[in-house]
Amino acid sequence: MSLVLSIVTIIYEFGVLPFAAGILLGSGDEEEISIHRMYIKGYCLLFTIFLFMAVPVIFTVNKLSVLVFIWKIFLIVTLPVLFLLYYKRKKRIRIVIKRFYENIQYAKKKSGISILFMIMIFMISVTFSMPSQKDDTPEIVNISIETDTMYQYQPYTQIPYDGINRDKAVSPAEMLYAVTGMITGLDSLTIIHVAIPFFFIPFFYAVCWLAGRYFFRDRIERVGLFALFVVIFYTAGLSRETMLAVGILNNSWNGVALAVACGVPLVCIQMFHMLDYFIENGNVTADQIIKMVFMASALQLMISKGYFVTLVILMCGVIILIYKKGLQNAGFVRKRDK
């Protein structure tokens, strides 16, 4: 594959596909027509699909080449599907473009300085920062490509595991990069260290903005400041010696960094939305449950305990709900007027 075609493939896989999926497959709700929501939704969908494709292959044939073939077919099939959806949802796309322009103008007016600093931090992180010494993603990807296996060898010593590394096998984020490397023919380090940050750091920014919108609603100045403060907090991870848990800006490809900065916050925010809706209406919608499944699956791709962490977060939400209902019944909290 030529260099130009390889670059186009990466842009399509990590940029166009999730963003288009978020636009074309979204609901018609006014709240949902926002760039950061659709970007997040598209990535959660992409991660979920890859997880459900990769895990069965890992635990059955365990051939990277088989997963490459399946993922290549998926990428090819999605092209005509997206074109078909485009022609069926032209009106929504026009609304999205109009809303995008309006949001950009409004955000520039209200949070221009915060956005400018976030862009500067992004450029510094992708240009000057060094990956953490604790990150083993490139080694896992390289040994998988060399042996046409998945999680059967230790990344540094290349000594075979007794079977497979099950913790990694149920959260195969590294295989997404290995598959992309096999399809494009590009060096794995180029994909991981050069290409991925240009897609995953904006994903992290979108999560920060989503959290800010939940806490501060339409007060865009505070939303921008909140997102900027979160990003500044994560600049602590730009050192090579820091933990991966705060390394989203210089290890955006690493599952742990992604989970802490993006996966867990997304599940928490969705739980908050479901909790608010249940308190107001006495139930939750199917759309909210589907979103939670996608976000939980995206988190599972990042870390091996993703579904368990989601369950714990949901249990905390149930405890909060029971506690609040108890306070209402005891007369300490006023019930909302219908």
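Keep in mind that glycine also has a Cβ here, set from the backbone N, Cα and C atoms.
Note on the transmembrane segment (6-26): residues 32-33, 37-43, 45-46, 75, 78, 82, 85-86, 89, 92-93, 96, 180, 183-186, 191, 195-196, 199-200 of its chain, located 6 or more positions outside it, place their CB under 8 angstroms from a CB of the stretch. Annotation comment: TrEMBL describes 6-26 (among others) as transmembrane segment.
According to TrEMBL, the feature transmembrane segment maps to 38-59 (among others).
Tertiary proximity for the transmembrane segment (65-87) is limited to same-chain residues at least six positions away from its ends with a CB under 8 Å from its CB atoms, namely 9, 12-13, 17, 20-21, 24-25, 49-50, 53-54, 57-58, 93, 148, 150, 175, 179, 182-183. According to TrEMBL, the transmembrane segment annotation covers 65-87 (among others).
TrEMBL lists 113-130 (among others) with the feature transmembrane segment.
Sequence annotations record features per position, and here TrEMBL assigns transmembrane segment to 191-211 (among others).
Among the features that TrEMBL reports, transmembrane segment is placed at 223-240 (among others).
Residues or ranges marked as transmembrane segment in TrEMBL: 252-272 (among others).
Marked as transmembrane segment by TrEMBL: 293-323 (among others).
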Report, as numbers and ranges, which residues of the same chain sit near the transmembrane segment (113-130): CB under 8 Å and 6 or more residues beyond its ends.
107, 197-198, 201-202, 205, 224-225, 227-228, 231-232, 235, 238, 240, 249-250
